[in-house]
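Engineer: According to TrEMBL, the feature signal peptide maps to 1-19. The domain 'Peroxin/Ferlin' annotation in TrEMBL covers 75-136, 148-181, 867-928, 939-972. What TrEMBL records for 422-471 is region 'Disordered'. For 425-434, the entry in TrEMBL reads compositional bias 'Basic and acidic residues'. For 660-770, the entry in TrEMBL reads domain 'PH'.
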Amino acid sequence: MSPLGHVTSSAMPVSLLWAVDVYGRVYSLSTVGQQWEQCRDAQMEFKRATAAQQCCWGIACDNNIYLNVHASDLPIRYKEETYENQRWNPVDGFSERLLPSDRWQWSDVTGLQHQPLDGFRLPSGSWEWEGDWYIDENFEGEPTETGGWSYAIDFPAFYTKDKKWNSCVRRRRWLRYRRYKAMDTWAKIPSQQTSLPDPFSDISCGGWEVSEEPRGRLSLWAVSLQGKVWFREGICHHNPEGSLWEEVALPGEVVQISCGPGDLVWAALWEGQLIVREGIGRDCPKGTSWAAVDSPSPEVGVIHLAVGVDVVWAVTKDNKVWFRRGVNSHNPCGSGWISMVGEMMMINVGLNDQVWAIGSEDRGIYFRQGVTASELSGKTWKAINVPRDGDRSHSSASASSLQSAGCFFSGEVRAQSVMSDADLDEKGSADRDSGCVPSTSPETFVHPLTDPTPDQPADPPKPRIPKVTSDSFISELVSDREPGKTSKELGPAAPAVLEEEEVSLGEAEIQAPCAGATLSPGPSGGASGLQWSNVDLEEAQSAQARAGAAAADSADTCSLSSVATYTLALEDPYGADEHPLWAWVSGGGCSVDSHSQLNWFNSSANTLSLIQSVQSMSLSVTPAQSAAWKRQIFEQLNERTKREIDNFKHYEQAIEQSVWVKKGTMQWWRDWKPHKWIDVHFALEQFSGPEGDKDGILFIYYNYYEEKKYLHAFINEVTILVPVLNDSKHTFAVYTPERTKQRWPIRLAAATELEMHDWLALLSVACCDSRGIQGPPSKQAIWSVTCKGDIFVSEPTPALEATPYPTPCDQMFWRQVGGHLRSVECNSAGIVWGIGYDHTAWVYTGGYGGGFFQGLASSTDNIYTQTDVKSVYIYENQRWNPVTGYTNRGLPTDRYMWSDASGLHECTKANTKPPAPQWTWVSDWGIDYSVSGGTDKEGWQYAADFPASYHGHKTLKDFVRRRRWARKCKLNTTGPWQEVPPIPLSDVTILLCPPGSGMAAVPLWAISNKGDVLCRLGVTALTPAGSSWLHVGTDQPFKSISIGASSQVWAIARDGSAFYRGSVSPQSPAGDCWYHIPSPAKQKLKQVSVGRTSVYAVDENGNLWYRQGVTPSYPQGSSWEHISNNVRRVSVGPLDQVWIIADKVQGSHSLSCGTVCHRLGVQPMEPKGQSWDYGIGGGWDHITVRGNSMEPPILRLPSLTDPSLLSFCSPLSVRNTEVNGSTVDS
């Protein structure tokens, strides 16, 4: 059973903490769970485990390595391929008869390796074939007409899909997929070596942050019993088992090793010294050499260590905990040791440098609280206090026994860990003589041993000893134990007493006592029982008194027959309420941070007292009393209303209007040249009328040549308030319809970030009040996202899509919603999904506000913590000269040697800051190899000059080169969004729901960030997050997808080709096959949007295309028609309305990029529309109108001879509209 199988979505990503107890049983604890889940599918026992987010590795007691891959909606598939090669001859034509110098008839793509179809074997029993071999009918994204063959003059050469007169050779690709089937189970790792390494004693995985390619790459390090270190090659998403073990040279014998998520690898030697692996990088995951580091205490060596991204923790032989300061990728050895509080036997560092440990005394698992990026050492240790599944104290019978007199079988009530043999002897005699379980208080409850019957002598139970492993601390646990002792001779049926001090309690099964036995303590039952309870003498006396009183009260109402339901199974080594003894813990796959809300630390005793208090309260109030109480309160409220309100209704209002003013000082980016920041006084004046309507005016007072002047804007004319990116100031912009036309907003800068947020929240509430907008966005709302990641919504009016006089879109009012996203998609059923910069999927919860919106500006519920991670890029530029080669000395006319992508702005590692003050760095600068066009092994791209077309290899004509450096930063905010784990997405689309459709399940399609096509099941208006993903097979990665109102699914592949999914319906939500749609001539498409009947697409050059000929009988359409250029993104709504994000829109003051534009004149007979209407911009990145299904009103065309109707046309007559062809004046 997998704990991941129970949770599909939550407020934070669901991940697992793994642990192994001293009996070798593996447990996992979910970040949203409240109990340990045992891995029940494995019968073997484990010594150690090491986890990543997608899997967990373990060393079993048979010394073999096992792998447990978490099940996900996205299967692990590997594509095997081989090429069939043929040559033409005059007799046979194309045949398998090749020249002796030719490649094999069946080969790899290079032709150097012989690969016949029957030569492929499954790597292990954990794989299965999905189907048989089949021919790839596509060539470079285009279908072939000759059975998949591609032709060339000779081997090797340039291949084409068309056969020519000089085509002498041909080849075609055969494909076959295999699938990894051993999900959520422990699968043995096969050995491809004839001689196995000596048995492993330690294992550690990590390294997934060293490189993102290949996908899912991991580094797995292992230590053998002889002190050798081994590295597992070839672990990635498509090969989770890896390929082979390679030995790593060492300066000494290693006892333990630890690998962090990045490039940190530390190991502890047998003598207690430490070594650090150096030279680990993208091209060398094993590293190159070892460096020595001194132990924290020279006389006491290190027995255990754990590393993270920028931290190293160690435990010495005296169980002291140490923290290594100054550790990072550039200085993996660190600078010094700091002694920490606490005594632990092992320690582990997980994701986000969070720390777990196992206590040396109680062997409980502890979590280090307060670990943040600024305080990596944390603040305090806190015990994880949750039950294990199967604990009898949490069984279904526990609830019914809460009121049993003197029986406390619920809650975290533990017996004393260590007991002497004499105590155990007295315990055995007490149980034998009394014949029932003695009554105790919650603090003194311990677990009785077997009660043998007089007619059947009881055999002494065999002591259950934890398996001795190679781990030093587990060996220590059992090495000092003596052979089993028997109890004193108290009778013919005296039970044996286990010699295990910490696991002896509750080993044998509790026998059911007689049904009529009560809790009254007799001479042997009460007194003897109290002698071995874990309290001092004073507490023992009070406990005896309490037990007697409890027994007297319950003698008539309760018997001990119910106690028989709490038998301990013989395989349970612990008592019901005794905490387990842990041997190992791994948090490598556990994603928590200082903001995570965990349920791991709840005290069961508090839960018990709460239940009891609720029960006692519910018993003390009868239904009749409750009804009388409600009636009395209702009468009192009626009397108060009459006294304070009704008696004064005839009085006139003393104040007809109230005025409220808030003032402050800011800086304003003045409207005239030279533009610069000047100090101004800022005031918001609000007033409310007798009807409760509110309005206001915004004043900006400034000096112009020593003359005091002011600028003002009516609050009901403000269309949007936008935070603006600025390195040095806390800036926001205020737009009105006129300033939207000019592309020149009122720009203001506050002194502090807090002051800016206060003003934004205040102005936003004032704007909403003046327009009568309250609460969350409607289902018809239009959503948009800025390039900064801020989310805005606008409530459409019925006239927005009216023809021929729509509402100008520069008059639309936009309000901000908390959170941070890269894109948003919605439909008219109110289902809204978003995707963050880190490809995390989020679903809208129905709230509003969040972020810096507080109080009345934000809802009190449905607001959750949201995080996002993005990369900041800078470029290192170099020029070649004949003397020194490539250097950072450029020509005087060259760009900066450290710059942004344009080269116009200098950006060095030192002066480049996160995008905004709310962002914090979470990584160091590193070379980015995933640049379009490819790079060489050092990350360089080459070109003839700046700027030019860059490529990843050097030629004789390349005189300049550049490489991109990336650094990740993280944002923590709040908003009405919940995460949808675990698959990262790059695009999402939701079915357009016509008005009144009443569809139960809403189809939702998505593209993962790796290009896989997914279909979400179980999406409804009540459960917008859905339940699970359905994988839709493709032969190549995709990047964009859209589903129309009639379930027509269109998608764009990464190579720019378009596809249509056939036969998609509610009965077949995934459809049956993909149909290739030819792209526009010489263009590569990048995004598609499908409406009710229209299909629009945008190519990589910014051209907008309309698909002609789309009909219900021929949904693929016939051809593409060019509509406009300079388009970044398109969104087609349920009424076939067309909105875009356009670049290079000309305003009266400036040219703006990222402007919201609306297509005018779209009608059923004119689906392409006629012209563009410009709205808010620039700086916008995304818009979706797929929720606006509000039908426009039917307007009567005005008569040109009717003077009373001529003014109706005037608002549009002055608007800047463009005919079909371009969104800008060029």
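The backbone N, Cα and C atoms fix where each Cβ goes, glycine too.
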Engineer: State, in range form, which of 75-136, 660-770, 867-928, 939-972 has the highest count of Cβ pairs under 8 Å to the domain 'Peroxin/Ferlin' (148-181).
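Structural biologist: Between the stretches 75-136, 660-770, 867-928, 939-972, 75-136 has the largest tally.
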Engineer: Six or more residues beyond either end and a Cβ under 8 Å away: which residues meet both conditions relative to the domain 'Peroxin/Ferlin' (939-972)?
Structural biologist: 595, 789, 820, 865-880, 886, 894-895, 902-903, 909, 912, 914-916, 918-929, 931, 933
Engineer: Looking only at the domain 'Peroxin/Ferlin' (867-928), what are its DSSP counts of helix, strand and coil residues?
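Structural biologist: Once the DSSP states are binned, the domain 'Peroxin/Ferlin' (867-928) shows 0 helix, 27 strand, 35 coil.
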Engineer: So what pLDDT does the domain 'PH' (660-770) average out to?
Structural biologist: 87
Engineer: DSSP-wise, what's the residue breakdown of the domain 'Peroxin/Ferlin' (75-136) into helix, strand and coil?
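Structural biologist: Here the numbers are 3 helix, 24 strand, 35 coil.
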Engineer: How many helix, strand and coil residues does the domain 'Peroxin/Ferlin' (148-181) contain under DSSP?
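Structural biologist: Result for the domain 'Peroxin/Ferlin' (148-181), in helix, strand, coil order: 0 helix, 16 strand, 18 coil.
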Engineer: What does DSSP give as the helix, strand and coil breakdown of the domain 'PH' (660-770)?
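Structural biologist: Each residue of the domain 'PH' (660-770) counted once, the result is 27 helix, 57 strand, 27 coil.
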Engineer: In the domain 'Peroxin/Ferlin' (939-972), how many residues does DSSP call helix, how many strand, and how many coil?
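Structural biologist: So the domain 'Peroxin/Ferlin' (939-972) is made up of 0 helix, 18 strand, 16 coil.
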